[in-house]
Structures are given as structure tokens and as C-alpha cells.
Amino acid sequence: MKAVVLTVAVLFLTGSQARHFWQQDDPQSPWDRVKDFATLYVDAVKDTGRDYVSQFESSALGKQLNLKLLDNWDTLGSSISKLREQLGPVTQEFWDNLEKDTEWLRQEMNKDLEEVKQKVQPYLEEFQKKWQEEVERYRQKVEPLSTELREGARQKLQELQEKLTPLGEELRDHARTHVDVLRTQLAPYSDKMRERLAERLTALKDSASFAEYHAKASEHLKTLREKAKPAIEDLGQGLLPVLENLKASFLSAIDDAAKKLSSQ
């Protein structure tokens, strides 16, 4: 599972950077991120599971049981891949329809975000300027101490650490002060965004278009279920031989073990 966790963590980190609030490039759509995450997670689980199965079959117990789990796992993986290929166009159509139906709401929220961005930008620039000034002051204070360390070598290391400690604490305290000021400055805009979002959602709920959207969403889900049903049934049929083979191998292993015990 470590590989799965690492894969998911990498996806979230890169995704959060790609959708940074202040970036200028067009961000990836939410639906594309959902699809990419699902695909990456399934692939990670499948690959990690295969590694565990391979390790078990290579063990002494796995060789003794001879369940042929790896062959069954590969067959299962092929069936799942086939299902994904069959459902690909169906799910794509569903996401496209849903994205189209909610386009107006995203446009309104983007307008609100752009307005807030322009208003808070001066505060962010001021915060960045003050922080750079603090770092520069810290650097100027530390630089003579670094020179002193190079000249005095090890005997002055402890003395240098004692001198650096209050400087680091001073930088930390100043940073906290600037962050608190920035948080206070941005709080009204954060509250305003929450109020606007609540207003948008309330207006959406009370509007006639909400019932229409709900009907469209229900229709899209119904269509998705109908189109996915044959593919899921095919997957079930494809898994039957795998399950039967696994059952037969397991029963055979138990029978062999019983014979060995009775012959002793």
C-alpha cells in the first residue's frame, strides 16, 4: 500500500500546484482531475496488488499451495482494463454533459474570484515585501557569525549556536506577526466569498433552472447506468472462469495437504 499512498500523494501535490489560486494559465477542469485521479489510483492498486501476489507465490507456502494466483490476477487485470475501455466513452459523455450544465455557475464564481483576487493582491505583495526584508535583515545579522565560525572552527560552534538562537526566534516572531496581519486583512474578503457562494447556491436552489438541472443530472445518471450495465455484465462473465479456477486450485491444495497428513 505504500506505493498506492505515494502515488496518490504525488497526484494531489501536483494537482494542487496546477490549480493554484493565483496562476494565470488555464487550469485543468475538475472533471479531468477526477478522471486522472481515479485512473492513477486504480493502476497503482493493480500494480501494487500484483507485486504482493508475486511475492506470495514465490514464498514456500505459495509454491506448496500452487494456487496460480498470478495468472488469475493477470486475467482479472485484463478484464478490468476491458471494462474501463468499454466505459470510457460513456463516462466521458456523462462528465461532458455535467460540465456543460454547470458552466454558468463556474463562470459566475470565477468572476467573484477574480474580483477578490484584484482586491487582495496589494496585501499579498505587501506581505511578500515585508517577508523579504525580514529575511534580508536575518541574512545580514548571520553573515558575520558565519565568518566568525570559519575562522574559529569547532571551538566556537557552540557559541555561534547560542548567538543564532535569538536571531532565529526573532525572525520567527516577525513572520508570525506579518502572517497575523495578512490574515486579518484577508478575513473580510474570505467572509465575502463565503457569503457570495451561499447566495449563488441559494439562488440556484430557488431558481426554476435548478429543477431542470436536477432532471438533467438524473437523466445523465440513468443513461450512464444503462450503458454501463452490459459492460459490467461482461466483466462478471469474464470473472467466472477465474473464480472457478481459483476454487479448483484451492480445493486441490487442501486435498493434497489432507493426503499428506493422512499418510504420515
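The backbone N, Cα and C atoms fix where each Cβ goes, and this holds for glycine too.
The feature methionine sulfoxide is assigned by Swiss-Prot to Met109, Met193, with similarity to another entry given as support. Taken from Swiss-Prot, the feature region '10 X approximate tandem repeats' applies to 67-264. Positions annotated as repeat '3' by Swiss-Prot: 111-121. If you look up Swiss-Prot, you'll see 144-165 marked as repeat '5'. As annotated by Swiss-Prot, repeat '8' applies to 208-229. Taken from Swiss-Prot, the feature repeat '9' applies to 230-240. According to Swiss-Prot, the feature signal peptide maps to 1-18.
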Mean of pLDDT values spanning the repeat '5' (144-165): 68
Met109 (methionine sulfoxide) versus Met193 (methionine sulfoxide) - Cα distance in angstrom: 9
